[in-house]
Amino acid sequence: AVSVDCSEYPKPACTLEHRPLCGSDNKTYGNKCNFCNAVVESNGTLTLSHFGKC
C-alpha cells in the first residue's frame, strides 16, 4: 500500500504546489499538504488511494 507521512500536519497554510494525490474518498487533492490536512480532519479515516489524480 502507498502512504504519506502526515506527522507534521495539520499546517495553517498550504502551497499551491501541484502534485496531486487521490484519497480513499475518491477526491483528488492538489498536494500532500492539502491531503494531510484532510487526513487530520478525518481523524485518520481518510487514506491515500494512489499518487496522481483519481
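Including glycine, each Cβ sits where the backbone N, Cα and C put it.
What Swiss-Prot lists as disulfide bond is Cys6-Cys36 (among others). DSSP assigns Cys36 (disulfide bond) to a helix.
For Cys14 (disulfide bond), the Cβ neighbour count at a 10 Å cut-off comes to 17, with all displayed protein chains included. Residues or ranges marked as disulfide bond by Swiss-Prot: Cys14-Cys33 (among others).
Feature annotation from Swiss-Prot assigns disulfide bond to Cys22-Cys54 (among others). The Cβ of Cys54 (disulfide bond) has 13 neighbouring Cβ atoms from other residues within 10 Å, across all protein chains displayed.
Model confidence over the domain 'Kazal-like' (4-54) stands at 97, taken as the mean pLDDT rounded to a whole number. What Swiss-Prot records for 4-54 is domain 'Kazal-like'.
Listed in sequence order, there are no same-chain residues at least 6 apart in sequence whose CB falls under 8 Å from the CB of Asn43 (N-linked glycosylation site). Under the heading N-linked glycosylation site, Swiss-Prot lists Asn43.
According to its DSSP assignment, Cys22 (disulfide bond) is in a strand. Each residue in the domain 'Kazal-like' (4-54) gets a DSSP state, and the totals come to 10 helix, 9 strand, 32 coil.
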